[in-house]
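Annotated features, as they stand in TrEMBL:
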type     : residues                                                    : note
BINDING  : Arg8, His9, Gly10, Lys11, Thr12, Val13, Trp14, Asn15, Arg58 : substrate binding site
ACT_SITE : His9                                                        : active site, tele-phosphohistidine intermediate
ACT_SITE : Glu80                                                       : active site, proton donor/acceptor
Amino acid sequence: MNTYYIVRHGKTVWNTEKRTQGQKNSELTEQGVEHARQFSREISHMHIDEVYSSDLKRAYETAKIIKPSSEIHLEKGFREINFGLWEGLTIEEIQKNYSELYSSWQTSPEEVAFIEGEKIIEAFERVKQAFWEIDSKHENKHILIVAHAMVIKLLLVGFLDAPINKIFNIVQGNLAMNVVKTKNKKATIVTMNDTSYLD
């Protein structure tokens, strides 16, 4: 059995401005850095065997703050969804300029292919494959994963065998912790979206 602590990266400038980030990057805010430090203190009593992170800067920098003395394995499979032309835009701008696609995203996300981006179903398969490949490499380990909101939501709906449109029923705050245990290629969710330790 492996135990995973899956956490979203710290708050960024674009999070504050409510802009879609996707695979583009914006810097961690002071609050984002401080919350990563708080998370580091929260898990300081835990033995973490391995640390994996999305290779996008905001996730990697969060991982470095949480576990500064650990080797961090960069995993491209945990990159945020490529939202294509939506990246850098606010929800209001997306609704104005891509109203039909936005409506489809809200009602049938599993059918959406983002313009100059990727299909949500492709992202779902990418994220699942990355997770289970990691799981196959380890046994009885405690593993930290730093990733992104949509990546974590896709993992969770996958663990629950839920439809992809249930991503909109899951909240993932910045530095929210999810605890998942795996055994025999099955996952059990122990904790979801825990931010109780943050100021």
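Using the three backbone atoms N, Cα and C, a Cβ is placed for every residue, glycine included.
This view paints the features noted in TrEMBL onto the structure.
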residue : record                             : DSSP (3 states)
Arg8    : substrate binding site             : strand
Trp14   : substrate binding site             : helix
Arg58   : substrate binding site             : helix
Glu80   : active site, proton donor/acceptor : coil
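Shown in sequence order, Gln21, Ser26, Leu28, Thr29, Gly32, Asn174 are the same-chain residues outside Arg8, His9, Gly10, Lys11, Thr12, Val13, Trp14, Asn15, Arg58 whose Cβ sits within 8 Å of the Cβ centre of the substrate site.
Around the residue listed as 'active site, proton donor/acceptor', the C-beta neighbours below 8 angstroms that are at least 6 residues distant in the chain are Gln21, Gly22, Gln23, Ser54, Leu56, Ala147, His148, Ala149, Met150, Val151. There are 28 other CB atoms within 10 A of the CB of Arg58 (substrate binding site), with all protein chains counted. Local packing around the Cβ, expressed as the count of other Cβ atoms within 10 angstroms, is greatest for His9 among the recorded positions Arg8, His9. Cβ neighbours within 10 Å of Trp14 (substrate binding site), excluding its own Cβ and spanning all shown chains: 21. In the structure shown, across all protein chains, Gly10 is the one of the binding-site residues Gly10, Thr12 with the greatest number of other Cβ atoms within 10 Å. Geometry remark: Arg58 (substrate binding site) versus the residue listed as 'active site, tele-phosphohistidine intermediate', CA distance 6 Å.
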